[in-house]
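Engineer: Following this message is one structure expressed as structure tokens.
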Amino acid sequence: MEPEVIRDKDSMRKWSRAMRSQGKTIGLVPTMGYLHEGHLSLVRQSLALTDVTVVSIYVNPGQFSPTEDLSTYPSDFSGDLTKLAALSGGKVVVFNPKNLYDYGGETKKINDGGGNGGRVVSCVEEGGLGHETWIRVERLEKGFCGKSRPVFFRGVATIVTKLFNIVEPDVALFGKKDYQQWRIIQRMVRDLNFGIEIVGSDIAREKDGLAMSSRNVRLSDEERQRALSISRSLAMAKASVAEGKTNCAELKDMIIQQVVGSAGRVDYVEIVDQETLEGVEEIKSGVVICVAAWFGTVRLIDNIEINVSL
């Protein structure tokens, strides 16, 4: 049986409060749809931790700039429902709102063609939706993906805050593939006193090691093979650390050479402390190596945690 689908925020809030009145705990798995095994593993974890689970399916315009791939983001809602039906047992509902930004009334549409001083905007502002409030986690959002996608993390933090306020979950689950995002949500929850447990789940990978992503479907067969250079170079870096090679500049150069040698275009390679996301020069304790690279028109991210005590 396919899960119940809730389309508006008031009905979603009413459902959640009804569950709470019955003493049930609620899990939340935020997604943008086109579900793959990584998403489904989060749902399974949530079902193991809570009584009922809400899977949100909403492609968030607030985390895309007007030049990014909002319009081409893959979608298969009926397929998503079929996948969820196979594991829900009646304990999963889908929150699939049409729009979480338009609250009636519109702001003047922003067109950043030079008329607003080069201000960076998202598809929400560019579309003229009546929304002006954004959540920012100032320090953690500045590096990595925040450099090349300057509206991304404020859009993520804002939509997750909206979902927390609407669904009112006890637990929310996020994949560690989006490592910076996971740490940002953790910090936001701590700083704003949300009474929600944030669970990070290990990266789900294809059999050949490619990190699962909804965007993988847009890779050609050749691009997909070349994209394996990301996960393979990360594994090589981890093996090098185990052999005592701890200079971060050398490790980053090795990864860059592997990706570029496979015709990838590197956005960044960073080696940072797992907790603070501050860069390190020598690996002496727990770090994460984060990579973003383009293959064709598809931007992929991946990372690997390295836990050492040297």
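Quick reminder: no glycine exception, Cβ is built from N, Cα and C everywhere.
Annotated ATP binding site per Swiss-Prot: 32-39, 175-178, 212-215, in sequence order, evidence recorded as similarity to another entry. Residues annotated as active site, proton donor in Swiss-Prot, with similarity to another entry given as evidence: HIS39. Per Swiss-Prot, the feature (R)-pantoate binding site maps to GLN63, GLN181. Annotated beta-alanine binding site per Swiss-Prot: GLN63, in sequence order.
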Engineer: Taking DSSP as the reference, which of helix, strand or coil describes MET212 (ATP binding site)?
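Structural biologist: It is coil.
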Engineer: Which whole-number value in Å describes the distance between the Cα atoms of HIS36 (ATP binding site) and GLN181 ((R)-pantoate binding site)?
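Structural biologist: About 19 Å separate the Cα atoms of these two residues.
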Engineer: Within 10 angstroms of the C-beta of GLY38 (ATP binding site), what count of other C-beta atoms is obtained when all protein chains are considered?
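Structural biologist: Within a 10 Å radius of the Cβ of GLY38 (ATP binding site) lie 21 other Cβ atoms.
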Engineer: Of HIS36, HIS39, LYS177, which of the recorded positions has the most Cβ neighbours inside 10 Å?
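Structural biologist: Its Cβ has the most other Cβ atoms within 10 Å: HIS39.
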Engineer: If you measure GLN63 ((R)-pantoate binding site) to MET32 (ATP binding site) at Cα, how many Å is it?
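Structural biologist: Taking the Cα atoms only, GLN63 ((R)-pantoate binding site) lies 11 Å from MET32 (ATP binding site).
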Engineer: Which residue among the binding-site residues GLN63, GLN181, SER214 has the fewest other Cβ atoms within 10 Å of its Cβ, if you could check?
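Structural biologist: Candidates: the binding-site residues GLN63, GLN181, SER214. Fewest Cβ atoms within 10 Å: SER214.
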Engineer: Going by DSSP, is GLY38 (ATP binding site) part of a helix, a strand, or coil?
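Structural biologist: Assignment for GLY38 (ATP binding site) reads helix.
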Engineer: Rounded to a whole number, how many Å is the Cα of HIS39 (active site, proton donor) away from the Cα of GLN181 ((R)-pantoate binding site)?
Structural biologist: 15
